[in-house]
Amino acid sequence: MIAVTPGEPAGIGPELVCRYASENSTPLVAIASQALLESTCQALDIDLVLEPFDPTQAVTNKPKTLYVLDVPLAVPTTPGQLNASNAHYVLRTLEIATDYCLDGTFEALVTGPVQKSVINDAGITFSGHTEFLCERSQCERVVMMLATEGLRVALATTHLPLKDVPNAITAELLESIISILHHDLVSQFGIAQPRILVCGLNPHAGEGGHMGREEIDVIEPLLTKLRSQYQWHLTGPLPADTLFTPKHLKQADAVLAMYHDQGLPVLKYKGFGNAVNITLGLPFIRTSVDHGTALDLAGKGIADLGSLKTAITYAEAMIEATHTQQATST
Ligand SMILES: NC(=O)c1ccc[n+]([C@@H]2O[C@H](COP(=O)([O-])OP(=O)(O)OC[C@H]3O[C@@H](n4cnc5c(N)ncnc54)[C@H](O)[C@@H]3O)[C@@H](O)[C@H]2O)c1
Ligand SMILES: N[C@H](C(=O)O)[C@H](O)COP(=O)(O)O
């Protein structure tokens, strides 16, 4: 079973989930407000039956059906209008979803977009699903990786102000990020010997130390150590501006970028609308859309479904890969 959280109630998440369930037969359990989903279907004329979810019963593959585990909103919503009063609702849906994934009720969680700012406006420190799921699952570290046809980009740091990035790039951080990335490319993506390209942090990878020393002091020694210890295929640190070119990418299974806007603009330029955001290193599968709440489109029924479809397709494939791995290891 796959759980889905539509995310911010005033964003495009609820309508995308309802439209997906109306048009596709993958059985999904939405952890969300039943009233919100009902009003969304009514407003946009979406043909969908909302069935109460019973955790003791398996869901069946019924067309035009969405199972719902009801989590009431604090206050009714208007599409496109944020209300901090519903921030706790958003987090509650994520808590319930995570806990049901951890106890094995769901095999995967697919998340819709949340509005990070409004959660913080409600007085809750929140930087993203990735960090939230890491903490709730009591993981020491997880890795954000976005993927689209022909490109996978993982991040060494995630939702961090740019000024804090250089100090965060330590050998300890990079070793655990690369280890999780390598492990999950093998186990979840079936790549026997993953080839990973690692970006430098500074322009031209530091220009021999004249434009920053993180490459010389931290990244290169760590890559050398990991190569000799594990024989992993790690290339870098490479200048990020020319790393994202076919010559390099055709020899890679994934790229590790040092920070959010070093890697994600390239990925989204290539695949926005057909990309997926995956959290590696969790004890369960989590995929997500590549876009945000798109408040400008909410309630209009015109937002593109492509990324939600991709996120669900990846979750299904990763479930399959996990089953195959379990079968071969027993
Ligand atoms: N997975 C997530 O939870 C997630 C991902 C990205 C951004 N966000 C959050 O979303 C909020 C808004 O972020 P933003 O404005 O930078 O990005 P956004 O993705 O919401 O919007 C950027 C542009 O893309 C368009 N767009 C987005 N999704 C679309 C879709 N499905 N179909 C057609 N057009 C679409 C929007 O109309 C807008 O023009 C922020 O709080 C951000 O942190 C959440
Ligand atoms: N960094 C993501 C992106 O740009 O698409 C996005 O903010 C969502 O991150 P979480 O999955 O951690 O919420």
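Each Cβ is built from the backbone N, Cα and C atoms, and glycine gets one as well.
TrEMBL annotates HIS129, THR130, LYS268, ARG286 as substrate-binding residues; of ASN167, ASN277, the candidate listed for that same site is ASN277. The DSSP secondary structure for ARG286 (substrate binding site) is strand. Among the binding-site residues HIS129, THR130, LYS268, ASN277, residues whose Cβ is positioned under 6 Å from ligand 2 are identified as HIS129, THR130, ASN277. Taking HIS159 (divalent metal cation binding site) as the reference point, the binding-site residues whose C-alpha atoms are within 10 Å of its C-alpha, out of THR130, LYS268, ASN277, are THR130. The Cβ neighbour count for HIS129 (substrate binding site), using a 10 Å radius and every protein chain shown, is 25. Not a single one of the binding-site residues HIS129, THR130, LYS268, ASN277, ARG286 has a C-alpha within 10 angstroms of the C-alpha of HIS260 (divalent metal cation binding site).
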